Amino acid sequence: MFYPDPFDVIVIGGGHAGTEAAMASARMGQQTLLLTHNIDTLGQMSCNPAIGGIGKGHLVKEIDAMGGLMARAVDQAGIQFRILNSSKGPAVRATRAQADRVLYRQAIRTALENQPNLTIFQQAVDDLIVENDRVVGAVTQMGLKFRAKAVVLTVGTFLDGKIHIGLDNYSGGRAGDPPSIPLARRLRELPLRVNRLKTGTPPRIDARTIDFSVLPQQHGDNPMPVFSFLGNAGQHPAQMPCYITHTNEKTHEVIRNNLDRSPMYAGIIEGIGPRYCPSIEDKVMRFADRNTHQIFLEPEGLTSNEIYPNGISTSLPFDVQWQIVRSMAGMENARIVRPGYAIEYDFFDPRDLKPTLENKFVHGLFFAGQINGTTGYEEAAAQGMLAGLNAARLSADKEGWSPRRDQAYLGVLVDDLCTLGTKEPYRMFTSRAEYRLMLREDNADLRLTEMGRELGMVDDHRWARFNEKLENIEKERQRLRDIHVHPQSELLDQVNSLLKTPLSREANGEELLRRPEVDYAQLTALPLFAPGLTDEQAAEQVEIQVKYEGYIARQQDEIEKQLRNENALLPADLDYKQVNGLSNEVIAKLNDHKPSSIGQASRISGITPAAISILLIWLKKQGLLRRSA
């Protein structure tokens with residue numbers, strides 16, 4: 001039977017991508033249905049109990065800047081907050097939080113259940129309804145049919161998922177959950193490129209069996225950072241330390257002696273695992289010259305006895321896992337409460353997607369998260385938000401939107417996936433972005449909140465706070481520019497106390513702040529420049545904008561040059577065999593990738609500047625060169 005009410009958008013899957021997709025669509029006013037196999041696991045952290053990190057924290061801030069959920073949830077659930085790279089420049093500083101799994105899941109579910117325009121329904125999805133290359137609905141396990149104008153697939157590791165522990169394996173979406181086999185088979189019938197990837201998770205340890213007294217502690221920062229631009233440290237629950245132990249030669253010997261029982265080394269696992277989160281057996285073999293690896297013992301929550309040993313992801317048999325755990329300091333009597341495992345699953349080539357994350361071959365079908373070959377909660381959530389907002393726009397007959405590489409890490413992520421594809425689980429790093437100085441955590445709202453408002457994602461409260469911050473920044477910069485000090489000033493000694501070289505000419509507040517030895521707090525502590533801003537976010541922006549003004553201006557010039565290519569659009573149905581002068585290799589790559597713009601084409605491996613010039617000349621001659629607004 002058909003469900004009585006039609007929907008604008010259906011989201012399939014309730015993980016990090018699915019929850020952001022559903023929230024985005026509903027916030028934009030579209031009637032949205034979230035289908036999940038289990039309402040109790042909405043927003044579940046399937047692997048590590050943490051949000052953020054290098055590159056990843058930037059994505060969380062961008063999600064928040066556009067009205068998304070992840071940052072607000074972790075502010076309510078985070079049990080340890082730290083700024084990574086705090087001694088480095090603002091471009092690579094990143095926020096990371098350990099999270100209480102239960103509190104995080106509760107925060108996500110509460111937000112979903114109180115979101116207008118959003119319906120949640122518990123049923124696994126077995127099929128899609130596709131008519132004339134257009135998706136028009138979904139069919140659940142019990143045969144119930146739902147109609148919609150757009151469907152977002154956020155199915156994580158569930159598509160034909162297979163769990164491996166040693167040489168044994170069984171079907172599963174993750175530990176304790178069934179796989180999605182009928183839906184995987186249905187998707188393989190569509191004209192899409194599919195492959196397999198692998199990821200893994202470590203065994204969980206009973207904290208009561210660990211001797212923490214012999215292990216160094218790692219505490220969070222004080223004062224505590226916050227993730228959301230609307231958040232404050234008062235929202236954080238009680239804070240907890242992490243602990244550090246290390247593998248040793250005994251650990252490595254256990255691993256080397258049992259490699260024949262590893263499904264990866266025995267050739268049973270075919271999927272490629274994440275390069276930057278390797279299993280402990282992979283680390284021991286790939287870095288054979290190292291006799292120790294650092295392991296972080298991370299608490300899973302305030303009311304849980306489980307410890308997540310970050311750094312020993314493994315698919316070795318349980319008896320070997322037991323030996324590995326007990327070989328490390330403080331863990332001699334440790335007990336495992338959940339075994340580690342690897343999981344293989346289907347993913348679909350993201351080069352078959354438009355930058356909006358809509359599929360090129362099935363109209364109205366959007367993919368987000370691990371189905372696109374990414375790894376990580378943050379990467380999934382960012383894609384989910386983008387897919388959800390574009391599904392909502394499509395259902396309202398509006399054009400899609402996607403950020404450029406110079407606008408957001410989300411733009412880098414999507415462009416990398418859609419242009420280059422991936423053969424291994426893709427994770428975000430700051431090093432993937434050309435314009436890191438422009439794409440900082442601290443200015444995510446300045447980059448994206450206005451666009452979020454235009455798209456209908458940003459509510460009145462966030463918009464008012466954003467405009468207040470903008471006003472504070474501009475007023476303070478003008479105030480500093482208006483205050484001058486000269487070498488004959490009575491206050492010269494106070495100013496010189498901050499400077500490495502005494503002031504020899506008249507200078508205003510901004511010129512003094514531009515000096516590397518002067519920071520905003522020191523400057524505004526002087527009577528002449530007091531009082532400083534009480535809005536810490538605005539004060540940080542004033543300092544960064546002033547100190548990095550020259551560098552930012554140079555990077556903006558580079559961006560404007562690149563935009564000329566980004567805005568030169570390529571016809572979606574162009575057969576590059578028609579373009580005289582291109583090599584067979586270039587023709588094959590362009591026809592395979594089907595880039596949407598000259599800029600995207602230029603980033604495909606093997607596409608030379610000469611080939612781009614030939615293509616531009618041909619497009620002009622044919623009258624096909626169009627530029628986006």
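Think of each number as a place in line: the chain as shown, counted from 1.
Just so it is clear, glycine is given a Cβ too, placed from its N, Cα and C backbone atoms.
Listed in Swiss-Prot for this protein:
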- Gly13, Gly14, Gly15, His16, Ala17, Gly18, Val125, Ser180, Gln370: FAD binding site (BINDING)
- 273-287: NAD(+) binding site (BINDING)
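Cα of Glu281 (NAD(+) binding site) to Cα of Gln370 (FAD binding site): a distance of 23 Å. For the binding-site residues listed here (Gly13, Gly15, Gly273), the lowest count of other CB atoms within 10 A around the CB belongs to Gly273. Counting only the Cα atoms, the space from Met285 (NAD(+) binding site) to Gln370 (FAD binding site) is about 27 angstrom. Residue environment of Gln370 (FAD binding site) contains 30 other Cβ atoms, counted within 10 Å of its Cβ in all protein chains. Checking each of the binding-site residues Gly13, Gly15, Ala17, Val125, Gln370 against Arg275 (NAD(+) binding site) by C-alpha distance, the shortest gap belongs to Gln370. Each of the binding-site residues Ala17, Val125, Arg275 was scored by the number of other CB atoms within 10 A of its CB, and the lowest score belongs to Arg275. Here the Cβ of Ser279 (NAD(+) binding site) has 26 other Cβ atoms within 10 Å, regardless of which shown protein chain they belong to. Taking CA atoms as the reference points, Val125 (FAD binding site) and Phe287 (NAD(+) binding site) are 42 Å apart. The record assigns Gly13, Gly14, Gly15, His16, Ala17, Gly18, Val125, Ser180, Gln370 to the FAD site; their largest pairwise CA distance measures 18 Å. If you measure from the Cα atom of Ala17 (FAD binding site) to that of Cys277 (NAD(+) binding site), you get 20 Å. Under the three-state DSSP scheme, Gly15 (FAD binding site) falls in the coil class.
Within the same chain, residues at least 6 positions away in sequence whose Cβ sits under 8 Å from that of Phe287 (NAD(+) binding site) are His293. You'll find the Cα of Gly273 (NAD(+) binding site) roughly 12 Å from the Cα of Gln370 (FAD binding site). Of all Cβ atoms in the protein chains displayed, 18 besides its own lie within 10 Å of the Cβ of Lys283 (NAD(+) binding site). The two recorded residues Cys277 (NAD(+) binding site) and Gly15 (FAD binding site) have their Cα atoms spaced 20 Å from each other.
Secondary structure at Arg275 (NAD(+) binding site), as computed by DSSP, is coil. DSSP assigns Val125 (FAD binding site) to a strand.
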